[in-house]
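*Asks:* From TrEMBL, here are the annotated features:
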TRANSMEM  B:21-40  transmembrane segment
TRANSMEM  B:52-71  transmembrane segment
TRANSMEM  B:78-97  transmembrane segment
TRANSMEM  B:103-126  transmembrane segment
TRANSMEM  B:133-152  transmembrane segment
TRANSMEM  B:172-195  transmembrane segment
TRANSMEM  B:227-245  transmembrane segment
TRANSMEM  B:281-298  transmembrane segment
TRANSMEM  B:304-323  transmembrane segment
Amino acid sequence: MTEPLALSLTKICRSFGPVQVLHDVDITLAAGEVHALIGENGAGKSTTMKIMSGYLAPTSGAVALNDAPVSFANSQDAEAQGVVLIHQEFNLAEQLSVEQNIFLGHEKKRGFLLDKAAMQAEARALLARLNCQVDPSARVSDIANADKQMVEIAKALSRNARVLIMDEPTAVLTEREAEVLFVQVERLKAEGVAILFTSHKLDEVKRISDQITILRDGHVVSQGPTSDYNEDQMAEAMVGRDVSSLYPERTVPIGSDIALEVKGLSVAGFAHDISFTLKKGEILGVSGLIGSGRTETMEGLVGLRSTTGEVRLNGEVVHLKSPQQAQKAGMCYLTEDRKSRGLLLTKGMRENLTLQCLPDFTNVLIDQKSEDAALTKAIEDFDIRAPSRDVAVGNLSGGNQQKLLIAKVMLADPDIVIIDEPTRGIDIGTKQQIYEFIHALSGQGKSIIVISSEMQEVIGLADRVLVMRMGRIAGEVSGAELTEDKIVRLAMGLDVNKEEAA
Amino acid sequence: MATADTNPKPTMRLDLKVMGPILALVVLVVIGALMNGNFLSAGNITNVLSRSAFIGIIAVGMTFVITAGGLDLSVGSMAAFIAGLMILVMNGLLPVMGVGWPLVFVGMLTAIVAGTAAGFINGFLITNMRIEAFIVTLGTMGIYRSLVTWLADGGTLSLDFGMRAIIRPIYFDGILGISWPIIVFALVAILGEVVMRRGAFGRHAAAVGSNDQVARYSSVNVNRVRMMTYVGLGVLVGIATIMYVPRLGSASSSTGVLWELEAIAAVIIGGTMLKGGFGRVWGTVIGVLILSLIGNILNLTDGVSPYLNGAVQGVIIILAVILQRDKKAEG
């Protein structure tokens, strides 16, 4: 590794048209230091990172590398000078191999031909340096998310990155995968790389960062060594109000009638012999590692995948072959993947909101007045904040997209809602609002299944938690037993006193 | 988080995208009028519109197919095959039913049924068998073209002379001086525009073309929507053929050649996105008119050879797409 590099922003302002999104932002990334940039969605984190890495130019203010002012022409220019941004959504060519991806755009050549041997060797060395086991010739579409993240980092290192900027690197990783990443972050730090990352998980910010910068509405509201903050202080600075009571208390008792009963449900290749019940007004958490079959089970339940087994709704056996049938029967699934499965990013809020129940708004022709009325109500009920009503949904912040997605599904007025990762990639203020929506729904007697990778979330939200492991239910925890430790042991298959799932 | 790569003047771009095709049409009309006095005569306009009606009716259906993320290359051959079939059926039943309107109606029914079936076959292979639309319709394009050649034994299928006289008015007559093909084209276009803009089907088609996974997760029956776009197109090809057969009273292996490309080109010139997700039927109508006006102007004027028709059309198509490029769309 060549000389260490420090990147600093001084009095950076940035406007999009008339809207100023950054106000006098000062941040210094020192070599060999991990800097966390936190803030709510829309606080200006992405813009800041894009300015650091040459994707955007500041409207005013100075960017400096080792105290020498620079202005990056574009992201390639920034990369050439050692500053690399790793996007939250991976920028990998899924059909190419790991090695081809690492060298994409700057392939090693011998004469006119590719020097495959050299690239193989270097890819192997880079991955070894990251302690990553993945085979350089494996196709990227076949490897796990954590490995993709490592490939992104290897790609950055192959470009001799000395300032590494990571946009929510752990958002798509399980806790165990995140651990692997943190070890590598420590290693890079020791090698003198300056690292900046964003995260909504304050515990990991506390653990791995040395410095913190907190943004709110484009202003730096707090900055300093991580040791000066605890998680509550970070959250308060981000939101600007007290958020210590993140999870609402249950106010309405759980009903006694069984709304859903699943017996021996199997989804070929993903889930085997899943059985559970769900009462009216109950919030059931589903936990387990990514890949444990949680999502596939629920997709099977609503007819998105073919299944075998018995499903009873309000005591009656149903055979749901499609989401349309499930919706008619009063059961809806809210996907974890809002960008590619939940919302039409190029369409407006109105079209998205009513897509699920368009027939309800159609009387030969679509009744746009009642659609507009529904949107007005949804914006009010779910506190959706959009610059204008006809904005393309892709330009909304993640939190507002998620609120719109919930509004869309709730328009179908289901009795049972399955919410997969309700708060992935969402800031803490919006999280709190979403938890309140979920509790309000359960208060109305609706039954809710919440799938989540965040332990705190399932524990805080759910009345009872099913833990899945390798396509089976590993156990069920509730009441005083509902602890992180218990869930982790079940999810990892460690629990010796495992109760047999009924 | 998706930050808006804000466009400094989104309204200006939008205007150009909406107005572009209309402006191009106006410019063409002005050029045509300046170059030849006959251009704006009722006779010439009726001629241009009637001839463009076949492609136009098909292009309206094509708009839905493309909006839903599909493509249909088979429509030209399909039209030729249906025309051949229609003629064969009418000629075959002539001894039984005799010359007259009942036989014409049987012929029309044949065309509609054959169009529906052909659309269904395309749709079935694409949705249920999950084969790429390009491949399926490339295949059926070859099949129909070869079938009509075989039916005609390499030559021409001609409708019985007596029947021709009866059927002729379908192309050449009309109401109040407006010919039937123009009337049918107008009705199809209006209906198509309303369905696209205000119908649940149009909205669903755009949703499927925009992101079929989102549509599926939103309880939209994706396969049925796709299927219906192909069946609808098949029916419209049948209707176009009903309008076409009376014109010449015959069908051969050269009937409907390159219609598919003209229809697709008209759709794209009109501002529908080739990758799907957004479509507008009125734009397609303008696209059809632009394409047929180019041919007409080149025929009426001496300056440029009519043989360059294809070249001029090609330039217009490429220009249209360049003007309508959406910079905001993420690559």
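Note: Cβ is positioned from N, Cα and C throughout, glycine not excepted.
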*Asks:* Considering only the recorded stretches B:52-71, B:103-126, B:227-245, B:281-298, B:304-323, state which has the highest number of Cβ pairs under 8 Å to the transmembrane segment (B:172-195).
*Replies:* B:52-71
*Asks:* Are the transmembrane segment (B:281-298) and the transmembrane segment (B:21-40) near each other by the rule of at least 3 C-beta pairs under 8 angstroms (pairs 6 or more apart)?
*Replies:* yes
*Asks:* Is it true that the transmembrane segment (B:133-152) and the transmembrane segment (B:52-71) have 3 or more Cβ pairs under 8 Å, skipping pairs fewer than 6 apart in sequence?
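*Replies:* Yes; at least 3 Cβ pairs under 8 Å.
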*Asks:* Report, as numbers and ranges, every residue of the chain located at least six residues beyond the transmembrane segment (B:227-245) whose Cβ falls under 8 Å of a Cβ in that stretch; write 'none' if there are none.
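*Replies:* Tertiary neighbours of the transmembrane segment (B:227-245) are 53-55, 57-58, 60-62, 64-65, 67-68, 70, 72, 75, 78-79, 82-83, 86-87, 107-108, 111-120, 122-124, 126-127, 159, 167, 170-171, 180-181, 184, 188, 201, 205, 251, 255-256.
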